[in-house]
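Taking it in order: structure first as structure tokens, then the write-up.
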Amino acid sequence: MAIENKREIIHSKEEEIAQQEIWKYILGYTPLMVMKCAIELGIPNILENHETPMTLAELTSKLGCNQSSLYRIMRFLIHYKMFQERPISETSVGYTHTPLSRLLIRQGENSMANVVLLQSSPFILAPWHKLSAWVLENKVLPFEAAHGKDIWGFAAANPDDSKLFDDGMACDARAAVAAVVEGCPEVFNGLKTVVDVGGGDGTALRTIVKAFPWIKGTNYDLPHVVSVAPAFSGVEHVGGNMFDHVPKADAAYLMKVLHDWKDEECIDILKKCRDAIPHDTGKVIIVDSIIEEKEDSEIKEVGLMLDMAMLAYTGNGKERTLKEWSYMFHEAGFTRHTIKRIRTYHSVIEVYP
């Protein structure tokens with residue numbers, strides 16, 4: 001009887017915890033949308049440009065907004081460690097930055113503001129409402145069901161949304177390539193030319209060429225993407241389709257490209273990259289996530305969330321395990337590969353013919 005009572009107590013406690021936990025998921029969109037609000041109001045930049053912590057009254061005056069609403073927003077963001085309060089005097093406190101809120105400064109060196117704005121935009125959120133239909137019927141891709149075109153066709157036809165997408169991708173690329181350059185610069189040793197396949201506006205390649213000025217870079221993406229890419233010394237923008245061909249270089253660089261496509265399409269892209277590099281000295285450098293099947297960590301959690309995003313945005317794209325990556329390399333005709341970890345959720349995979 002005592003054992004049964006103990007089981008009932010444990011079960012009751014688990015149900016109580018579940019009732020509390022479920023609301024974190026029901027309202028899980030809230031931190032993202034309040035972050036978006038803060039960025040659009042310009043709060044991170046205002047605090048950055050203020051020499052001392054700002055009081056609620058000062059920030060309200062600067063924004064010209066409702067003080068009560070601003071207080072509630074800042075209270076929420078402080079709870080999530082996006083900002084913090086610091087004493088100004090014995091009777092007052094002011095708002096200031098945390099390491100997390102500094103990532104929300106627009107035009108900041110390590111800014112992720114454009115990624116937040118992209119992921120919270122209506123056109124990116126809409127496909128999630130079509131996910132269950134895709135799982136059941138497997139006919140119309142979630143993004144296409146929401147917008148009438150796949151994500152690439154939609155971007156080509158909608159310049160404003162395309163810019164939002166490109167700015168978000170560039171923001172993510174800047175953080176990722178900085179981690180590559182800092183964490184494993186040796187992957188660029190001996191390379192004279194690099195083609196960034198699906199390189200967007202050239203953000204990643206500009207960072208690489210700046211860090212390794214002996215490298216000549218080719219930024220390769222769809223014509224409507226490279227047509228608005230900014231000029232940079234040492235980088236040539238070339239428009240084309242990676243499913244048709246890839247420009248010649250000592251190494252092909254693929255950062256967060258292959259996760260957009262199903263295995264057969266990835267194998268096709270990898271074969272085009274293999275044809276573009278020297279078979280004796282060339283390599284393909286892949287910067288992407290690897291889902292560790294046995295490991296339980298925050299990095300794995302990010303990878304699993306990205307995998308769901310790929311399901312919503314592309315339908316056929318996905319984040320892959322090491323076994324799945326190895327299968328594609330073998331099918332594309334590569335003989336070996338190495339893996340290096342960096343400080344972001346990405347890994348650097350060097351693949352050799």
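Each Cβ is built from the backbone N, Cα and C atoms, and glycine gets one as well.
Bear in mind that the values here come from a model prediction, so they are computed numbers and not experimental data.
Quick look at what TrEMBL annotates:
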- HIS259: active site, proton acceptor (ACT_SITE)
- 23-106: domain 'O-methyltransferase dimerisation' (DOMAIN)
- 128-334: domain 'O-methyltransferase C-terminal' (DOMAIN)
Confidence summary (mean pLDDT) of the domain 'O-methyltransferase C-terminal' (128-334)
90
For the domain 'O-methyltransferase dimerisation' (23-106), jot down how many residues DSSP puts in helix, in strand and in coil.
47 helix, 11 strand, 26 coil
